[in-house]
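Taken verbatim from Swiss-Prot:
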{"type": "ACT_SITE", "residues": "SER25", "note": "active site, schiff-base intermediate with substrate"}
{"type": "ACT_SITE", "residues": "TYR58", "note": "active site, proton donor"}
{"type": "BINDING", "residues": "THR57, GLY72, ALA73, ALA74", "note": "substrate binding site"}
{"type": "MOD_RES", "residues": "SER25", "note": "pyruvic acid (Ser)"}
Amino acid sequence: MTFEMLYSKIHRATITDANLNYIGSITIDEDLAKLAKLREGMKVEIVDVNNGERFSTYVILGKKRGEICVNGAAARKVAIGDVVIILAYASMNEDEINAHKPSIVLVDEKNEILEKG
């Protein structure tokens, strides 16, 4: 049996852009994404702290420092400046669960890394 478990999280990131006309995804600063163990194309769930919206999309690695941009139709669910939580889950069996520690990255309002746990 497997369970869906938290794999990684970027906590309280700030939306820097919302691009309705781009093919859907979330663009995340590559250094930040890698620290959070997020991969290009990986499914993530976005929770908007400001408005309560919750939606799924996939990761695109961004080149700009601190960039967090929601693209495509999901851009309607956020506003620039909103605070979001970016979550990734993984299916794990009991042994994997016991050995796993989620990657949790806390950031400030400029998406600069405060803490990695």
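Indices start at 1 and increase along the chain as displayed.
Yeah, the Cβs are placed from backbone N, Cα and C, and that goes for glycine too.
Known features from Swiss-Prot, placed on the structure.
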| residue | record | Cβ neighbours (10 Å) |
| --- | --- | --- |
| SER25 | active site, schiff-base intermediate with substrate | 19 |
| THR57 | substrate binding site | 20 |
| TYR58 | active site, proton donor | 15 |
| GLY72 | substrate binding site | 16 |
| ALA73 | substrate binding site | 11 |
| ALA74 | substrate binding site | 18 |
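A distance of 5 Å separates the Cα atom of THR57 (substrate binding site) from that of the residue listed as 'active site, schiff-base intermediate with substrate'. In this structure the C-alpha atoms belonging to GLY72 (substrate binding site) and SER25 (active site, schiff-base intermediate with substrate) are separated by 7 Å. Among the recorded positions listed here, namely TYR58, ALA73, ALA74, TYR58 has its C-alpha nearest to that of SER25 (active site, schiff-base intermediate with substrate). For the recorded substrate site, residues THR57, GLY72, ALA73, ALA74 set the reference point as the centre of their Cβ atoms, and the other residues of that chain within 8 Å of it by Cβ are GLY24, SER25, PHE55, VAL70, ASN71, ALA75, LYS77. ALA74 (substrate binding site) sits 11 Å from the residue listed as 'active site, proton donor', taking the Cα positions as reference. DSSP assigns THR57 (substrate binding site) to a strand. Across the structure, ALA73 (substrate binding site) and TYR58 (active site, proton donor) place their CA atoms 13 angstrom apart. Mapped onto three states, the DSSP output places ALA74 (substrate binding site) in helix.
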